[in-house]
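What follows is one structure encoded as structure tokens, with my remarks underneath.
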Amino acid sequence: MSRRLFTSESVTEGHPDKIADQISDTILDALLREDPTSRVAVETLITTGLVHVAGEVTTKAYADIANLVRGKILEIGYDSSKKGFDGASCGVSVSIGAQSPDIAQGVDTAYENRVEGDEDELDRQGAGDQGLMFGYASDETPTLMPLPVFLAHRLSKRLSEVRKNGTIPYLRPDGKTQVTIEYDGDKAVRLDTVVVSSQHASDIDLESLLAPDIKEFVVEPELKALLEDGIKIDTENYRLLVNPTGRFEIGGPMGDAGLTGRKIIIDTYGGMARHGGGAFSGKDPSKVDRSAAYAMRWVAKNVVAAGLAARCEVQVAYAIGKAEPVGLFVETFGTAKVDTEKIEKAIDEVFDLRPAAIIRALDLLRPIYAQTAAYGHFGRELPDFTWERTDRVDALREAAGL
């Protein structure tokens, strides 16, 4: 078997791009809470002292956007100019218009209904845009996620937790993690490198304080948790790099401007699978960029959980205004237990991938999205993350002839 290194990264909730994602999804949730039929496409730009929210919204709901923005920033931990940003005093500007009636026509009355005369209720809603979406699952972790991004997310989440609970009180909200895993063929065998970069207060010594604290309170507990989860890889002689620049005092929006949708690989599979290019945050589920990507994760995870393959990547494609997908493709990387064509037919039989059917099956018209906007949309088995359920395993096995 050939040995190779594969790397994935994650960022904390205080990273500027993730602040933008969380603001966009907080606004989306507020609108869905009052009006589940809201059509929302909200983008956020955040820079030193200023947040700008723009996009298209059609809704019966009212949202106090400035207060939502400030509340989310304060919740993340930017509450003082000493940290580079203060949610209580930052400027907030809003430029939001209505959804284009040309787009609305195709979503509200799909091609199948409008042109072909189909009266099926699920054929009435068309895709909100053209595009291709991918889903992926692998049997290398308990949540069927690739190990590099699985561990990177856990490290970034713990980095935020030790800041918030006071374990490492001098940390600031901005931070990043990166994990390099050695593979022997498709099997993860060794942890090679961990990189942790965290914003911190001034006058903190890297070698005598920050690096030892990061190793003791962030990295080592997560490596122990890997063993508890049954993930057996060599973690004895990994390389740990903490703040390799030597200093990280200026962070958050003061260090870098943040934009919604700029962390799409972190949001998904850490580069282990392909990506169709569409971001998630700030988009209601009529946008297949989001809902179909969630559905593809649901499909791929059920395929692997059903034992049909050890790795599975599924692509779906849509035409704007059309309900039925225009394409479905399954890749199992040589790990399929049955013919890949059988898996594809089983997916087609078991899953209805029309947008309205996805929204109904996964119960997506709920205010659940702010919690997706940091630490990965996939691989976290939370009650609201319906796309993480393995509820079609038996049906897939039967359809595939197992």
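From the backbone N, Cα and C atoms, a Cβ is placed for every residue, glycine too.
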Among 99-109, 154-164, 253-263, where does Swiss-Prot put the label region 'Flexible loop'?
99-109
Counting other CB atoms within 10 A of each CB, which of the binding-site residues H15, R247, K263, K283, K287 comes out lowest?
R247
C-beta crowding around E43 (K(+) binding site), within 10 angstroms:
21
Nearest to D256 (ATP binding site) by Cα distance: which of the binding-site residues D17, E43, E56, Q99 is it?
D17
Which of these binding-site residues is closest to R247 (ATP binding site) if you go by CA atoms: D17, E43, E56, Q99, K287?
D17
With H, G and I counted as helix, E and B as strand and the rest as coil, say where DSSP puts D17 (Mg(2+) binding site).
helix
What is the pLDDT of the region 'Flexible loop' (99-109) when averaged and given as a whole number?
63
